[in-house]
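Q: Just passing along the structure, written as structure tokens.
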Amino acid sequence: MADAAVIEKLEAGFKKLEAATDCKSLLKKYLTKEVFDKLKDKRTSLGATLLDVIQSGVENLDSGVGIYAPDAEAYTLFAPLFDPIIEDYHVGFKQTDKHPNKDFGDVNSFVNVDPEGKFVISTRVRCGRSLQGYPFNPCLTESQYKEMEAKVSSTLSSLEGELKGTYYPLTGMSKEVQQKLIDDHFLFKEGDRFLQAANACRYWPAGRGIYHNDNKTFLVWVNEEDHLRIISMQMGGDLGQVFRRLTSAVNEIEKRIPFSHHDRLGFLTFCPTNLGTTVRASVHIKLPKLAANREKLEEVAGKYNLQVRGTRGEHTEAEGGIYDISNKRRMGLTEFQAVKEMQDGILELIKIEKEM
């Protein structure tokens, strides 16, 4: 049972949402009085309540989604709120659907999407993972953060070959190392207001860190938004090489660290937008002719379920006609299918750009 003080805060938060007529978040759309009354006094075995789930969206009425999962159990206990939001965000993934098992497929079927090097500046594939047996950010204690960091850093330090590298803890990091990581665009900052309000940044920077290999093509963020963000990237358009590196890293790490997985939802993450495959495959790409015809660009992107963003990510402009283009779908399809869809879409965009 949630305690009286929590329920009081929840009631106030619900009133605030109800009164916010211009709020367009999925939280507002799906947290009906009926759902609210059903969930307000529930509590996970780790002590998380509905307040942990919705507080970021109550605080930030301009949220797109507005909810986070404080622990793995929250996805089941608070399913009457999570399920419709997941179905709405991950278009086509119905509440009766089951996410397929992990399948990287034939990684050799991925290619260099731009062998001439005229369009694609860089290619990146990332996935998120949570460690089994640990809650997500809002419920973690400082000692759990440190315990997880110790487990992860020792696992990463044992990687060999191309993945061999160095772990840099944020705690006690020297100014020189910090600057070097900023220059390489590797350093993550303390969370934005959405993550702050979700209590995702407690005990900062305890347990947080960055690992990268010697040639800076493989990167792991430890305890940023998710327990692990595993990233493979390089200049140019060789998606095959980037994806192969990612899959071999994930498979190596998984041998030593069990990940949080849900029968219906796939791999679990702090934010419900990343569930399922958790995979985001993206390129920074110059498409000057299509950039002048944004409608055509969006039309092709829509056909292949691609998301088009500005160069610096969400809500930014395309600097010098350079776009960040990635797969949109994360749920209800395999890792292989998600990356294949992105590859097909990018090849099509390049073909159209050449013909214009």
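Just so you know, glycine gets a Cβ as well, placed from its N, Cα and C.
What Swiss-Prot lists as domain 'Phosphagen kinase N-terminal' is 9-91, and the listing cites sequence analysis. Annotation source Swiss-Prot lists L-arginine binding site at Gly64, Val65, Gly66, Ile67, Tyr68, Glu225, Cys271, Glu314, citing experimental evidence. Residues annotated as domain 'Phosphagen kinase C-terminal' in Swiss-Prot: 119-356. The ATP binding site annotation in Swiss-Prot covers 122-126, His185, Arg229, 280-284, 309-314, and the record cites experimental evidence as its basis.
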Q: Distance check, please: Cα of Gly66 (L-arginine binding site) against Cα of Arg229 (ATP binding site), rounded to an integer number of angstrom.
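A: Approximately 21 Å lies between the Cα of Gly66 (L-arginine binding site) and that of Arg229 (ATP binding site).
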Q: Which whole number is the mean pLDDT over the domain 'Phosphagen kinase N-terminal' (9-91)?
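A: A mean pLDDT of 96 is what the model gives the domain 'Phosphagen kinase N-terminal' (9-91).
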Q: Check the Cα-Cα distances from Arg229 (ATP binding site) to the binding-site residues Gly64, Val65, Ile67, Tyr68, Cys271 and tell me which is shortest.
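A: If we rank Gly64, Val65, Ile67, Tyr68, Cys271 by Cα distance to Arg229 (ATP binding site), first place goes to Cys271.
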Q: Between the binding-site residues Val65, Ser122, Glu225, whose Cβ has more other Cβ atoms within 10 Å than any of the rest?
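A: Answer by Cβ density within 10 Å: Glu225.
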Q: Could you state the whole-number distance in Å separating the C-alpha atoms of Gly64 (L-arginine binding site) and Ser282 (ATP binding site)?
A: 21
Q: For each of the binding-site residues (Gly64, Gly66), count the other CB atoms lying within 10 A of its CB, then report the residue with the highest count.
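A: In terms of Cβ crowding, the pick is Gly66.
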Q: May I ask for the distance between Val65 (L-arginine binding site) and Arg309 (ATP binding site), taken between their Cα atoms and rounded to an integer number of Å?
A: 18
Q: Can you tell me whether DSSP puts Gly66 (L-arginine binding site) in helix, strand or coil?
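A: It is coil.
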Q: Determine how many residues of the domain 'Phosphagen kinase N-terminal' (9-91) DSSP places in helix, in strand and in coil.
A: 48 helix, 2 strand, 33 coil
Q: In which DSSP state, out of helix, strand and coil, do we find Glu225 (L-arginine binding site)?
A: coil
Q: If you compare CA-to-CA distances from Ile67 (L-arginine binding site) to each of the binding-site residues Ser122, Val125, Arg309, which comes out shortest?
A: Arg309
Q: Specify the secondary structure state of Ser282 (ATP binding site) as given by DSSP, simplified to three classes.
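A: DSSP assigns Ser282 (ATP binding site) to strand.
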Q: Calculate the distance in Å between the alpha carbons (Cα) of Arg309 (ATP binding site) and Tyr68 (L-arginine binding site), and round it to a whole number.
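A: Given the Cα positions, Arg309 (ATP binding site) is 23 Å from Tyr68 (L-arginine binding site).
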